[in-house]
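For reference, TrEMBL has these:
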type	residues	note
REGION	1-108	region 'Disordered'
COMPBIAS	23-34	compositional bias 'Polar residues'
COMPBIAS	90-101	compositional bias 'Polar residues'
REGION	152-329	region 'Disordered'
COMPBIAS	200-212	compositional bias 'Low complexity'
DOMAIN	424-462	domain 'Zinc finger Sec23/Sec24-type'
DOMAIN	846-945	domain 'Sec23/Sec24 helical'
DOMAIN	965-1037	domain 'Gelsolin-like'
Amino acid sequence: MNVNQSAPPVPPFGQPQPVYTGYHQSSYGGQPGSTAPPTPYGAYNGPVPGYQQTPLPGVSRAPPSSEAPPVSTAQAPCGQAAYGQFGQGDVQNGPSSTVQMQRFPGSQPFGSVPLAPVVSQPTVLQPYGPPPTSAQVTAQLAGMQIGGAVAPALPPVRLGYGPPTSLAPASGSYPNSGLYGSYPQGQAPPLSQAQGHLGAQPPQRSAPPQASGFTSPASGGPPMPSVTGPLLPGQGFGGPSVSQPNHVSSPPPQALPPGTQMTGPPGPPPPMHSSQQPGYQLQQNGSFGPARGPQPNYGSPYPGAPTFGSQPGPPQPLPPKRLDPDAIPSPIQVIEDDRNNRGSEPFVTGVRGQVPPLVTTNFLVKDQGNASPRYIRCTSYNIPCTSDMAKQAQVPLAAVIKPLARLPPEEASPYVVDHGESGPLRCNRCKAYMCPFMQFVEGGRRFQCCFCSCINDVPPQYFQHLDHTGKRVDAYDRPELSLGSYEFLATVDYCKNNKFPSPPAFIFMIDVSYNAIRSGLVRLLCEELKSLLDFLPREGGAEESAIRVGFVTYNKVLHFYNVKSSLAQPQMMVVSDVADMFVPLLDGFLVNVSESRAVITSLLDQIPEMFADTRETETVFAPVIQAGMEALKAAECAGKLFLFHTSLPIAEAPGKLKNRDDRKLINTDKEKTLFQPQTGAYQTLAKECVAQGCSVDLFLFPNQYVDVATLSVVPQLTGGSVYKYACFQVENDQERFLSDLRRDVQKVVGFDAVMRVRTSTGIRAVDFFGAFYMSNTTDVELAGLDGDKTVTVEFKHDDRLNEESGALLQCALLYTSCAGQRRLRIHNLALNCCTQLADLYRNCETDTLINYMAKFAYRGVLNSPVKTVRDTLITQCAQILACYRKNCASPSSAGQLILPECMKLLPVYLNCVLKSDVLQPGAEVTTDDRAYVRQLVTSMDVAETNVFFYPRLLPLTKSPIESATEPPAVRASEERLSNGDIYLLENGLNLFLWVGASVQQGVVQSLFSVSSFSQITSGLSVLPVLDNPLSKKVRGLIDSLRAQRSRYMKLIVVKQEDKLEMLFKHFLVEDKSLSGGASYVDFLCHMHKEIRQLLS
Ligand SMILES: [Zn+2]
């Protein structure tokens, strides 16, 4: 439970408002944006140190690039490869010869702790009769034991696994991978036996979910009780799959342990021959059941591959089989189980170190002293006490923080606390803000800082008596003493130049070159802005937005517009000296929308006409950002630039770029240059923007290479967003663009922000990932920050932690609200600390781990060859799992793959990261697409990375039409598709509707209003609006999926066997990919081998 002495037990949060009434009420109603006047909390006499009192120095811009003018911009025509159209990669023609799986690195030294020898158990440990014969063993393995908790004894592995045989699969690229788990048919018991046996196991499926172990995806049951021991998390694949018609190699009943766990008292001694016989011993683990047809192999041999999957002795009459996909951990099952187990109760944050429900579970949060998981998620909620332990486990200690996360309507926004002129109360030494973990002492006259232990005086006006437990009697009346998240109104000390900020401004900067005009973009945009300007972000109950707006158009030169309300018509001012950008007008450039509405409307009507006949194809880019930033500087305010840009900026100007796209660099040491900006000018410019609080959102409409890697530098460093619409055509793309634009313009943004993460003694924040700028090692500077953006922070030990006091994080975000109010948002989180590694592994969150690992890898490609980055990930994952195996799992055969319950999806998810477009691109994935995705992932939250790397695949006609809930997802693999069904697939960026070739005619009619499958238009992006239940349901589901995501997903209808299906299949991430990415089954086998190497 809560170890924080000062943390309140359970504040009466059924009704937060009542509790806080009398205390800045307007803010307590859950109106985050309230600008209510300060409530009279006595002034704290001591000077409150400013958070960031020194203005950020401006940085002068680098001289114009002197690079040679681009020779030509001719490139691959705008194709389907464009992101946003086909999202994570295009699958076609991935030359597997060039992108084949590389040799994986060998095992690495495993921390400083010597590895324990693999347990060797030559004899039977289980109460299950005599050791099976070799026939039984193989059969049993085929029947998929990954170390059942009650697994029957296995004979020495070598009985089952001989040297390579001649069973090489037809594919030939990898002689054995197709053979995983293949066994002579003769050894298999009749299917009915196996099934019957399994069917008799229900009682064993009643263990609590955390009992661990791969639960059998097929049975869906929780793991068996027998594996519930605290030290056995993660043991054992659960029950064997029960639904496999062609389960030819099930174990004989007597050999089949009840429930067929994957762990458990291990079978036979670990293979003593593991070194001599590098082949996969994995067969032992499991699931080698039913043949499901040939499985693609790893593209290239691993070291020691020769015996991979090899079979011993007897001639093998059957075609190769492989690990049964139903028997390996299923993301769908884990998601489902968590929904069932944790979706009904609110998540109450009063308890330290509690692992929240998964991001895929809908749940409500009650703040009782720790920040909601919507704001902070951690890779582990129980941190090793020492750095040695942490190094041994290799589990990254990281938090994914989304400081301005939007909350569901049922949850109150953080209360705003106003301490008047004295400002928020802080520790004098470490500057941490008052929070529930601070401990009041000496009758309430002082408080001890929970972060640095410093004893501070309580200012008189903040004094309050303590109750008999040592807690302040007003603790529940003060958010900062009882809640995990809250805000403070900042004093002038927290403002730039010691001046309260002006309201921010939005500047719309529109490319009016030939391409922008021709595609219809300019007309569409201007039309939309006329109405969109009425929906600028507002705070609280404000009637109108405080945000001012300005307009610029540009091609090779810039046009500024005076839209002062007193003018009858807008006035244009042209600046052609783009090398030395200045803003030609101050008065009338940034205006209030309602005051200048007529002039603005007139301007937006005229822009498309003015440039209708333009022949100008060249554009500038850096000078546009420079101009917007200078305009904000002149107006002394923060703000956001919305840039709508079409082409590589080749016009003579600072920041001019050349076409340096070169796919030949892929898989070379120079590949990293494709991700790096081609000039340093944009970093310099970004620095200036950050100093001004100028955030840049970039909407790109490229018809060819535009060098996203360089153009996205400023958005990336200023907390902005990049959107990309390749080959934009109004008719095809307007819905997506307008939807994104509306959302982007309306979303609440914090400006000119600085984020600081403080920690209690023993750990500290050492690394940061996200869209921001850092000029020192601690302050994350965000010119802008919206509710979608996350910052991932990694922690390292600098001292020993204490189990009793745990570890504390405090994230403080100083920002200017949309109304121009300076505020501090505080999030606190207390974590447990452990001296046993098992506690670490029991409290991990794989989704968060993957978020961290993806960001780590995606940053790594800037500096290292992609292959090195992939290898590093694999090695780290193997180390994490091997450490668990060695220290936490019960002794068992090395042939068993044992995964911690909380991390049983780590291999499948990691494989998705490894084969993502950034790390393993297919032939059709463009350089810009990769840079774009790399940039997007950097700011993603855990829910977004989760679905991005492992897409959701929803069958549409399996569940009753009247069912209001989303249909249960199926695993992202081709073999899960039934050709009589229709599926939706989404990953947060892309949305496909896949139609099976044998789908019923009635369904086709109901959805597409055509009479047969062949008449459905492939590539369709809009479903006809038809008045029947199925059509309504599917369209409703599409709307609801879109509403859940931060970007509009364009629909693509894909017919089975159609050309477009290749695109769709790229998202079936459990399968081998055309770019050489391993299938889940193959990768799991490979991971097992890596682990074994580490352990041997
Ligand atoms: Zn302190």
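Heads up, the Cβ atoms here are built off N, Cα and C, so glycines get one too.
Because TrEMBL annotations are produced automatically, they should be read as predictions rather than curated entries.
Residue counts for the domain 'Gelsolin-like' (965-1037) by DSSP state, with H, G and I taken as helix and E and B as strand, are 23 helix, 12 strand, 38 coil. Mapped onto DSSP helix, strand and coil, the domain 'Zinc finger Sec23/Sec24-type' (424-462) counts 6 helix, 11 strand, 22 coil. In terms of DSSP secondary structure, the domain 'Sec23/Sec24 helical' (846-945) contains 65 helix, 0 strand, 35 coil.
In this model, the domain 'Sec23/Sec24 helical' (846-945) carries an average pLDDT of 95.
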